[in-house]
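Per TrEMBL, these features apply:
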{"type": "DOMAIN", "residues": "104-167", "note": "domain 'Cation-transporting P-type ATPase N-terminal'"}
{"type": "DOMAIN", "residues": "221-318", "note": "domain 'P-type ATPase A'"}
{"type": "DOMAIN", "residues": "834-1003", "note": "domain 'Cation-transporting P-type ATPase C-terminal'"}
{"type": "TRANSMEM", "residues": "155-172", "note": "transmembrane segment"}
{"type": "TRANSMEM", "residues": "184-203", "note": "transmembrane segment"}
{"type": "TRANSMEM", "residues": "339-359", "note": "transmembrane segment"}
{"type": "TRANSMEM", "residues": "382-415", "note": "transmembrane segment"}
{"type": "TRANSMEM", "residues": "814-832", "note": "transmembrane segment"}
{"type": "TRANSMEM", "residues": "838-858", "note": "transmembrane segment"}
{"type": "TRANSMEM", "residues": "951-969", "note": "transmembrane segment"}
């Protein structure tokens, strides 16, 4: 007996020793468990005769002992992980019944279906240790060497490496290791530098995508822990958690249905079946992770997380595709291919000319002797010379092919994505960055996007009387109880209060929170008490099509059955045939009375208030039985209980953002579910409608009117529409389709599940990060993290910046391509040699491809971008302005460098080696000065805002520093001669002429029509 008492006392002591870190609710739980345990243990001991206690074999554990200890140690959870996982995966109802149903499972894993788990740090850690965390293994990310190998697979790089190897071999054989490695080694170093830079850029972009993926996968989930509803990350979810689900949510783990109404799940992501699956207690209480809530709402008990779920297993084999090619990249690849073909033809001609000149004895070595002298020339010398000629030709191809263009797009997109993240926009699809720059129309929601989504009830009408605080005591108790029932039972929100002294916490949608807060504070609603007085029989959940929600309940005191409706005021009003006044009298609603209510609603709407109405009807048992099969609530002959007006103020900065977009030639259309008067008031406040414009015929329409137009009428009126009120998701989709048919590039904002079709149909889908459902986010291209329209305007600015930056780089690079090709071709054909060596050309390729891309791709958006009209879908990538700028600079460079090639030695009085160095130095410095010109395609002042782009200035500085090193200190590596101060001054002076030439050229007007359109017409 003493040993048994000692054992139990140890257990009691461990139970009573509550950690100091526990919160108040957790301490209460701890104390409750300890009390139950102690009382049951003492009771069981009292029942057991002393004689039997002497026989250890007869002692059996108290059933409650096992249940209570499950929270103390992970070893004492009464069901293992594999059993839980199989239960849901196999959807085994019989096995679930054997475990005691959902309640039995909850008990076995130390949870309560009503108040959830403790949720303390130790409890979470214990559960993660026993059942795993809600994360899944990912395929290993591509390492740096993967990108090095990818860069090496480029054909021109492979040919250059082959030439470098041959050159190295012949050089060492002819001149010995000390002197012979320079030519081949230089090419090797230059090629490896190009490979390294390309690999680093791609590796960094891949890492950035991984980081973005982590952020986009970090979904916030509503759970109940210790009786308190709270938001946690999906990664923090554990087995035993009670998760709250609503329309549009992703099911975050495998689990069992606890409670809810009209819950329907879209399992197409797992099964491929498009039909929605109904979830209920009897036939199908199983919820699979990765599926979506299509309708209704409910609560689930988590039974498996992470790799123990079907979704986790599937996702562990899927890696995000970072090789997505954007439309602009596809266009650039075509351009690269076209330029590459020209470069290939030029390189082939240079190869043929140089080989012919060599084998006909028209070339001389450094000593002035013929390089090829028939049979007297050694075979090693012939091979070495041919390798040198091939290397020169291949290098021309390297310079000619603008492989920096795709890199520039990658760098621009990666940089803009990172900056957009800071500006509250998370890019899910790369192509959206570019497309947004071409947007001509933005269709935006009202609530939460144009407004702050901080709702508060400011008006309350009972009957035809506005109820102020002073006269609320005169409201009939019966009517007040009905209103409280309508608020407490017909809601997806909840109210939590830790103690009588603490503040109320409200959860749910902003509208639900506003109504609950009003009812609790103004009407003294006790939500829990009201729920205990009634039993909910059926629920019709709110959706954006019906714009209302209803509940059927039975009052426990007298078994009467009541229907409660809540929703858009004019829609609820249409369902009513009578109304209550403040004294509790029910009055019939004739046409005159109905018109009075309509004017009350219109008056509130004109003050930018969202109007919500409450209606009620008591039905008989027979009526309830008749409608039971159809699962539909009565929608006619209701009695209006009251009207509330909810204020949702406009976001600060929205008016300026709308003005900026309109100034940039982008039309803003507001599409809202609110009534036409509220929509007009908000549209005027935000600047979408100018004062007086609401009277212009066709500027403001209702969704029903719009969808009833003929196709021809819709197409005719679509451009004039500024506001569409009382719209359904189908109306939004219809508007997007019509706008696209008229040639518009359309961006659409959306937050609901039903917005998904419009978000997918639009050229750019913008979902909301705060109020947006997971379905909406998955259908979108960009997630606006703060739900603010000002962020949409920022995305537009960044989209234009991406396009503009790429155009800048194209102009810069094509100038180099044209100049390098012409100079090398003319020099090779006329003089039999190329003025720029393979290493020098590779260096030029490096500074223009990588450093140039980095410098020009990271220019930030300017206000000038928002003063231009949108770029059309068919507008050419290289505009007339760009052709004017690049050809003028290329012609200047060609003229200067060819003059130096043929007359440089006599002009400067220098040797051939110094002259070649001058040509190389001037060519590189021309690109440095021209990089400044490329900053502004049209503006003459190319230095405006340059102090803000520290990276640009840094890259220019690095390029000049490296060029000085190449010329002055790497003579053998770069095949250069040292220059004196006068020669450096001449180089800088000649290259600096790029600036005045650029300024003068920008004064020359160009036709708006693309230059190549004239050629195509003639054909």
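Note that Cβ sites are derived from N, Cα and C of the backbone, with glycine treated the same way.
Nobody curates TrEMBL annotations by hand; they come from automatic prediction.
Where the transmembrane segment (184-203) meets the stretches 814-832, 838-858, 951-969, the count of C-beta pairs under 8 angstroms peaks at 838-858. Packing against the transmembrane segment (951-969) from elsewhere in the chain are residues 843, 847, 851-852, 854-856, 858-859, 917, 920-921, 924-925, 928, 931-932, 935, 976, 978-979: each is 6 or more residues past its ends and has a CB under 8 Å from a CB in it. Nonlocal intrachain contacts for the transmembrane segment (838-858), taken as residues 6+ away from its ends with a CB within less than 8 angstroms of a stretch CB, comprise 160, 163, 186-187, 189-191, 193-194, 197-198, 201, 391-392, 394-396, 398-399, 402-404, 407-408, 411-412, 415, 805-806, 808-809, 812-813, 816, 820, 920, 923-924, 927, 931, 934-935, 949, 951-952, 955-956, 958-959, 962, 966, 973-976.
Panel annotation: around the transmembrane segment (814-832), residues 339, 342-343, 346, 349-350, 353-354, 357, 362-363, 396, 399-400, 402, 841, 844, 848, 878, 885-887, 889-890, 893-894, 897-898, 901-902, 923, 926-927, 930 of the same chain, lying at least six beyond its termini, place a Cβ under 8 Å from a Cβ of the stretch.
Helix, strand and coil counts from DSSP across the domain 'Cation-transporting P-type ATPase N-terminal' (104-167) read 38 helix, 3 strand, 23 coil.
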